[in-house]
Structure formats: C-alpha cells, structure tokens
Amino acid sequence: MRCARRHQSRQHLARTALSVALTVLLIATTAAAAAVAAAASSSSASSSTSVPPTEQGDATDTMQNLSTHILDTTRGKPAPEVPVTLYVRAASQSWTKVSTGITDGDGRFRSFFADGQPGLAAGVYKLHFDVGPYFRGRSVESLYPFIEIVFTVADPTQHYHIPLLLNPFGYSTYRGS
C-alpha cells in the first residue's frame, strides 16, 4: 500500500513539474516573440495610424484594440472553440455585455468590435472565458467552469492583449503585446 501511495505521489509531482515547466516555456516563448515584435514595430514606426501593426489587416473602420489568446499548458497547444465574452463595468458597478466570440483554431479571438463600433475606451473591463465545455469536450476534469479576467484600460490608444495560460486546475494571465 505504501509503495502505491509513493508511486501516486511521484506521478503527481511529475505532472505538476511538467505543467510548471510548460508554463515557464510558454511564457519565455511568448516574451521572446513579443520582444521581436516590439523591435520590428519600433523599426517600422513610420505609420501614423493608431492601429497596431499586427492588427492593421483585421481593422477596417474599427480600432480593434483588444485581443486574447488561450494556451492549454497541459497539452502545450492553443485552446480552440472557447466562448469569450467582453463586459464593461458601468458607473453603477454592474457589468454590461459588449460582445461575444469564440477562439479560433489557434486559440485567438480579436474581433470584439463590429465595423464602425469604437474599440475600448478608458474604463474597467472583464473577459469571461467559458472553459467548462472545452475541458468536458476532451473528457478532462477541471476545477473551473469559467474564468474571468478583470483589467483596466487607462490608455485606449494602446492595444490590450490579454492572454490566458490554462490548465484544468490553474491558470495565469499577463498583459501581452
């Protein structure tokens, strides 16, 4: 009995260590890509438009100044087909739904605003990620039926990229680029 418990404990430690290592690797890779993108955008800063270079192809009359990306750190892959809803906090402290979408095959969603609709204004927002169906669809037990990330937009002329690093029993986020 003790051997079985030790073996289970070692397996749990190994899974935890692997999950941590994948998360660190993912963050390092994302940071390196962000540094390359920042260097490229600073060297090509000749454009006077307020839309970030990575979003210029997606924006028509709308400034798409918000994007998200979900990475499943257990699988080491993007999380496709996850519903994402954007809310804005009103002066009454209640939340108002702005838009809803679904992450693409690369785990990304960027079209929070329709053509002609203004992008983010200064204020407090939250992204609601409905991750329960994602895990159930893969027959994976999960602690979180949904995850909400609340963030403040201080400068609406900037792009806000809010990534979600996800696993069945934990998550992390940061402001990306």
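Backbone N, Cα and C define each Cβ position, glycine as well.
Listed features, source TrEMBL:
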- His69, Arg108, Tyr174: substrate binding site (BINDING)
- 61-176: domain 'Transthyretin/hydroxyisourate hydrolase' (DOMAIN)
- 1-33: signal peptide (SIGNAL)
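Feature map: annotations from TrEMBL on the structure.
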{"residue": "His69", "record": "substrate binding site", "CB count, 10 Å": "20"}
{"residue": "Arg108", "record": "substrate binding site", "CB count, 10 Å": "18"}
{"residue": "Tyr174", "record": "substrate binding site", "CB count, 10 Å": "12"}
Hey, what's the widest CA-to-CA gap across His69, Arg108, Tyr174, the substrate contacts in the record, in Å?
15
What average pLDDT is reported by the model for the domain 'Transthyretin/hydroxyisourate hydrolase' (61-176)?
95
Tally of residues which DSSP labels helix, strand or coil - the domain 'Transthyretin/hydroxyisourate hydrolase' (61-176):
5 helix, 53 strand, 58 coil
